[in-house]
Amino acid sequence: MTSINGLPAHILLVHAVVIFIPLTALLVVLAVAWPAAHRRIGVVLPIVALVTLVLVPVAVDAGEWLQSRLPGAESNPLIRAHTELGDQLLPWAIAMFVGALALWLLPTLARRGVQAEVLGAGWLRAVVGVLAVAVSVVAVVQVVRIGDSGSKAVWSGNVCVDPPAQGQSCTSTLGS
């Protein structure tokens with residue numbers, strides 16, 4: 001998928017990633033910090049994490065397609081920085097999915113009697129919870145960094161500090 005309704009798919013798909021990474025992180029934190037919420041969230045947690053995991057490489061692929069069609073993109077340090085940061089998100093999305101899946105599976109399997117003495121152990125749940133929350137926080141921070149670099153790549157030098165007079169160009173721009 002390269003474009004949606006005439007627009008580069010990347011500029012639309014990144015919004016889904018920007019929604020789903022923090023949503024997954026929020027569900028992870030709720031599941032870890034609030035046992036009643038964990039029970040109510042149930043299988044929604046790994047499903048949302050899976051959607052997040054699928055969206056990340058799709059958005060990255062669409063970004064690479066867009067980058068290949070931007071004149072001078074390879075020599076633009078802002079685009080390069082955005083691309084490099086974007087390429088770092090997939091491992092965090094994978095780790096978020098694994099953490100979310102483990103948070104859902106541990107109590108589910110323990111209730112069914114599968115290795116209940118190990119899977120139901122408080123220490124294992126605590127370790128998985130701490131790791132899942134830590135990974136989620138890093139993933140959200142990465143999304144903020146990626147979004148910031150992408151915004152700078154798009155908007156730096158393109159917005160006038162002061163409104164230009166009719167028929168005139170900018171005297172100075174934001175971010176330049």
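Using N, Cα and C of the backbone, Cβ positions are placed for all residues, glycine too.
Listed in TrEMBL:
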DOMAIN    6-162  domain 'DUF2231'
TRANSMEM  12-34  transmembrane segment
TRANSMEM  41-60  transmembrane segment
TRANSMEM  89-110  transmembrane segment
TRANSMEM  122-144  transmembrane segment
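The stretch with the most CB contacts under 8 Å to the transmembrane segment (122-144), chosen from 12-34, 41-60, 89-110, is 89-110. Remote same-chain partners of the transmembrane segment (41-60), defined as residues 6 or more beyond its termini with a Cβ less than 8 Å from a stretch Cβ, comprise 1, 10, 13-14, 16-17, 20-21, 23-24, 27-28, 30-31, 86-87, 89-90, 93-94, 96-97, 99-101, 103-105. A mean pLDDT of 91 is what the model gives for the domain 'DUF2231' (6-162).
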